[in-house]
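S.K.: Feature annotation from TrEMBL assigns active site to GLU247. Per TrEMBL, domain 'Aldehyde dehydrogenase' is recorded for 20-473.
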Amino acid sequence: MTLFRKNLIDGEWLGEAGSRNINPSNTGDVVGEYASAGPEQAKQAIAAAKAAFPAWSRSAPLARHAVLKKASDEIMARKDEIGRNLAREEGKTLAEGIGETIRAAQLFDFFAGETLRLSGELVPSVRPGVGVEITREAVGVVGIITPWNFPIAIPAWKIAPALAYGNTIVFKPAELVPESAWTIVDILHRAGLPKGVLNLVMGKGSVVGQAMLDSPDVNAITFTGSVGTGKRVAAASVEHMRKFQLEMGGKNPLVVLDDADLAVAVDCAINGAYFSTGQRCTASSRLVVTEGIHDRFVAALKERMEKLVVGDALDARTQIGPVVDATQLKQDEDYIAIGRNEGAELAFGGERLDGATPGFYLTPALFTGATNAMRISREEIFGPVANVIRVKDYDEALAVANDTPFGLTSGICTSSLKHATHFKRNSEAGMVMVNLPTAGVDFHVPFGGRKGSSYGPREQGRYATEFYTTVKTAYTFAG
Ligand code: ADP
């Protein structure tokens, strides 16, 4: 019997079967069927969140702590099962799926602690006898719209701080990965959330997402996804004068200098460009390499790529899982054709693979001889495709690294303290890595970018208070 999951609206599981969730490693494997909300259900969810807000925002911090801690503990205890389902519906490897699940547990644990740490300031007024208190309060109903590439970590890093600081939620996950979303909501619901505090509305972005954008009762929206949808979120949010936060694309450079440790540089490139099938907004899609190390780097990288095992996400030997679906696979292949037409040389991979089961398998692709002006160097592909751009020296490498409409992460491989320090100070990215992959970040420190990659306050860590709370300045004259 096929699994059937419903939406959670005002504490009730509701809805009829709508969409099927297909395993990208084996398109004959249906993970389950999922309710697909219409605009009416989205409105009900928003109304429920609005009604639940006054009590939840004034609840004792320990009550919120208890729910978040319990959720963290259950996610950690079930990490293998949840991580396996994640890998099954998204296509990242089992190890990546379990690792991401652990991260979700850590995020809930971190924000459980934060419920007890929210503090303010007491400042003397310029007027005698007057005191000024600066405090933070919950914002209200938060709309959470998430993408498919981190099916549990991204929802966790938005839901955990939203709840910790007393907000109520309408959560719309990506259509491709409803099982992870449903699981996290089920766990939080059973952990003791009052009805209406967290509502799950699975469904189409153009229907449910749009209903959230159009509602005057959604007080803040946090969005991770494409640039196009991010712009719609921004425009609609300005219209309603609501807070919004956007995390969008990246075209992240990994600079490799002549003095780099070759093994470290190749590790960083393999991990950053190809792990998670390159489907990370922090992926290293531009490898900017100085001429003294260029040929050795490309040769060593190709040697490692030959050994990468592409296959079924659930097979423990697999290092690179399938692409998430047919649409994304076509986009990857279209960009590979565009790169060739632009004159870059496809030095490795980029071919469809037949697995033991029907799935969206693509070998990791490496372009050499790319320039930074090519479309493959300017547009986010969101697949296992990276370009090597040859440059003369560090100065040119930095200029190329910064010449992009995006600014999420950047990396440099070098043994020079001077160049590492200069790069950290002058890279136009929100996150900079030295001798580390551009992807893979800690859960307790700020995450976010610049330019076309992000808008609004940072996510994660204590910086999350910027978005999920609003500041109040209260004056008291006590005589
Ligand atoms: P991707 O290309 O990664 O799927 P999208 O921006 O299309 O990126 O999707 C990210 C999230 O935004 C998904 O949950 C999707 O359903 C949602 N979404 C898509 N279109 C809209 C829209 N018009 N309004 C609100 N949300 C949307």
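Yeah, the Cβs are placed from backbone N, Cα and C, and that goes for glycine too.
The shown structure was predicted, so the numbers you read here are calculated from the model rather than taken from an experiment.
Tell me about the surroundings of these features in the structure.
M.R.: Over all protein chains present, the Cβ of GLU247 (active site) has 27 other Cβ atoms lying within 10 Å.
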S.K.: Taking only the residues in the domain 'Aldehyde dehydrogenase' (20-473), give me the average pLDDT of this model.
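M.R.: Per the prediction, mean pLDDT sits at 98 for the domain 'Aldehyde dehydrogenase' (20-473).
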S.K.: In terms of DSSP three-state secondary structure, what is the assignment for GLU247 (active site)?
M.R.: strand
